[in-house]
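TrEMBL has this to say about the protein:
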type: TRANSMEM; residues: 21-41; note: transmembrane segment
type: DOMAIN; residues: 23-517; note: domain 'K+ potassium transporter integral membrane'
type: TRANSMEM; residues: 61-82; note: transmembrane segment
type: TRANSMEM; residues: 147-163; note: transmembrane segment
type: TRANSMEM; residues: 192-212; note: transmembrane segment
type: TRANSMEM; residues: 218-243; note: transmembrane segment
type: TRANSMEM; residues: 297-319; note: transmembrane segment
type: TRANSMEM; residues: 340-360; note: transmembrane segment
type: TRANSMEM; residues: 392-412; note: transmembrane segment
type: TRANSMEM; residues: 424-443; note: transmembrane segment
type: TRANSMEM; residues: 449-467; note: transmembrane segment
type: TRANSMEM; residues: 479-498; note: transmembrane segment
type: DOMAIN; residues: 530-761; note: domain 'K+ potassium transporter C-terminal'
type: REGION; residues: 654-673; note: region 'Disordered'
Amino acid sequence: MDAESGRGAAGARKKSWRSELVLAYQSLGVVYGDLATSPLYVYKSAFAGGDIEHSEGNEEIYGVLSLVFWTLTLITLLKYVLVVLRAADDGEGGTFALYSLICRRVRAGLLPGVGDSAVDELKDQPDGALPPPASSVRAALQQRRELQWLLLLFALLGTSMVIGDGVLTPAVSVFSAVSGLKLSMVNEQHQYVLLPVTCVILVGLFALQHFGTHRVGFLFAPIVCLWLLCISTIGVYNIFIWNPHIYKALSPYYMYRFLQKTQVGGWMSLGGILLCVTGSEAMYADLGHFSQSSIKIAFTAVVYPSLVLAYMGQAAYISRHHNFERNHHIGFYISVPEKIRWPILGIAILAAVVGSQAVITGTFSVIKQCCSLNCFPRVKIVHTSSTVHGQIYIPEINWILMILCLAVTIGFRNTKQMANAQGLAVITVMIVTTCFMSLVIVLCWNKNVVFALAFLLFFGAIEAVYFSASLMKFHEGAWVPIIVSFIFLTVMCVWHYGTAKKYEFDVENKVSISWLLNLGSSLGIVRVRGIGLIHTELVSGIPAIFSHFVTNLPAFHQVLVFLCIKSVSVPHVQPEERFLVGRIGLKQYRLYRVVVRYGYRDVQQDSLQFEKALVSSIAEFIRSGDSDQNGYPDGSESPYERLSIISKGLPFQEADGDGSPSPESSARKDTNPILVSSKSRRVRFVLPENAQINSQVRNELQELTEAREAGMSFIMGRSYMKAKSGSSLMKRIAINFIYEFLTRNSRGPAYAANVPHVSTLE
């Protein structure tokens, strides 16, 4: 028996390793496309600015190689692979994942609606034994509002720079890949061909986004694998043919010699050297699609050695060739043997497209997170795959990115300025990640503050040097990510501020439960057949729109549900924790409150599934025998404010009027149904066997089935905001113009997009 269990455990471990290796292979096409194409433009960007020149002594090329090697090792391997990947928010990564971890730990979030007492209990970590420095950091974040705003501003800054990177990476990657045509054409020809070919490829790339990456995703990993094999093989060839001793340049001594000789020029060239780590943030941002071990295996076993060999090979070739016409001819294609340049050119273009695709998809994912947490105007989100999580398409953002990408390509027309712009965007996101990680080390991992300071000072110092060098290129292209991020940051801040103020207004003007109780048993209105769903942002009290409605039109549905859709600051909400159901007023009112919780990575259900889940949850709430004597929850004004988590709704079945059961009902045989029949369909709730329910509960379930059979109507109110008289000029511009413009041009609530217009009342 022990031998059999041992063989079973060994088989499970073998299967686990096999699945990890498969994930590692798949991650090559999704995660590492951008990082793998960096050799196309790193050396070219480092020498393109005229800050340094390639001399006969090779100090410059050896110094650049040493800087590239140690930057790739320290930032990508040490910081991201060994440390940052461990900071997963329930398996998810990215800037908002770090922000979510910190806010839940400290309970210092500013996102509107997330802090409600009914919904903020998800995945809160126990306090544990926090060391005194961590306790003081936590207390400062909890008590000081300006620190909470600074946290949110940093998260939004990182997000806006990710969007800027989504504009710049396709332009730089594709333009650098296509620039190989220069070596096969005379100068007069390639200047008329290079730009149109790049623009055509970019337009095609963005035009194909609506098909979804899952349709061509199976090609991504083989393309990146082939590309890595090519550049590493060419690198080994160049090392042995041109300079077998190039490995000595990996010594940090050559960094010192490089900076000593070039001084200010060498410091200015760091903006180009920085591009060797573009795409490192993607390893963390795409953590939700793959496991930590698979990403680590792919990088350490395949990507890292291939990139090191590629950079060494380029340096070996350049160190033996000093007869370039101009320094900016130092690039990738010049080191490729002439006989295979055309095949390598084709593979490079495909690899650049794959890398650009990953960045565009990552931009869509980041914007979806912002929308879920009310930090970005609502946009149309299309899920392009029903099986692969996270593959989405946002039409409005796609075309905005395409226009900006084409504008950057046509405006600059060279790799130098586009690379300067990309470098600033990349290093800014890295600095934001470093700052958040230092807080995670103290607050979430409960480590001593010394470890957090060491992490912050070590990596922060390295990134600060690169940031200063990139910022000095402001007039040479680095202004682009600043302008783009400023625009998106303004949009996100104004939307967040306006949404928060609107929520505060709704809370201050909600109607008390006592107002409803004073209306009497009939509520003073006529009840008609069906279920009415009133959308509200409140989890307690009655929205002002309800009193406004019944005052002007005293008629409502026989069953009324105040529906609150909440996006909480966790990546996923388990199905058994999704629905909270409560009762408003007396049982005969048939008024219910339902709070539906989604994580910022969750996919919201379509209308039919949502209706079934909603009604099933209300039915289970009724069947479970809720009591009017439950007591008063914390902070509530009446016993009718208590919400119950419905882990599994009471199943119900629908059948056609001729008695033929639905597919799901034909598989069950239950003897205790509550049935409502009509000419069109039959609706019934399937009660557990031997369930004991009283007549009052049975009547309530009967009325719910009748209302469900009659149909549902969605009632949504629209509010208009204006700044108060006497407000500052900045506030009037933000609310009266920017927020109002964004509101008019944004989509409705995400769940409402799937609701038939015939059932919607706005």
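Note that Cβ sites are derived from N, Cα and C of the backbone, with glycine treated the same way.
What TrEMBL says about a protein is an automatic prediction, not a curated fact.
From a predicted model like this one, the values you see are computed outputs, not experimental measurements.
Sequence-distant contacts of the transmembrane segment (392-412) (same chain, six or more residues past either end, CB-CB distance under 8 Å): 163, 166-168, 170-171, 175, 195, 198-199, 202-203, 206, 209-210, 212, 360-361, 363-365, 367-368, 379-384, 418, 421, 477, 480, 484. Here the transmembrane segment (424-443) sits apart from the transmembrane segment (340-360); fewer than 3 CB pairs are under 8 Å, leaving out pairs fewer than 6 apart in sequence.
Contact between the transmembrane segment (192-212) and the transmembrane segment (479-498) is not supported, since fewer than 3 Cβ pairs fall under 8 Å when only residues 6 or more apart in sequence are counted. Counting residues 6+ beyond its ends, the transmembrane segment (147-163) has Cβ neighbours under 8 Å at 95-96, 98-99, 102-103, 108-111, 140-141, 281, 285, 362-363, 366-367, 369-370, 375, 401, 425, 428-429, 432-433, 435-436, 481, 484-486, 488-489, 492-493, 496 in the same chain. Packing against the transmembrane segment (218-243) from elsewhere in the chain are residues 25-30, 32-33, 36-37, 39, 302-303, 305-307, 309-317, 319-320, 335-337, 344, 347-348, 350-351, 354, 357: each is 6 or more residues past its ends and has a CB under 8 Å from a CB in it.
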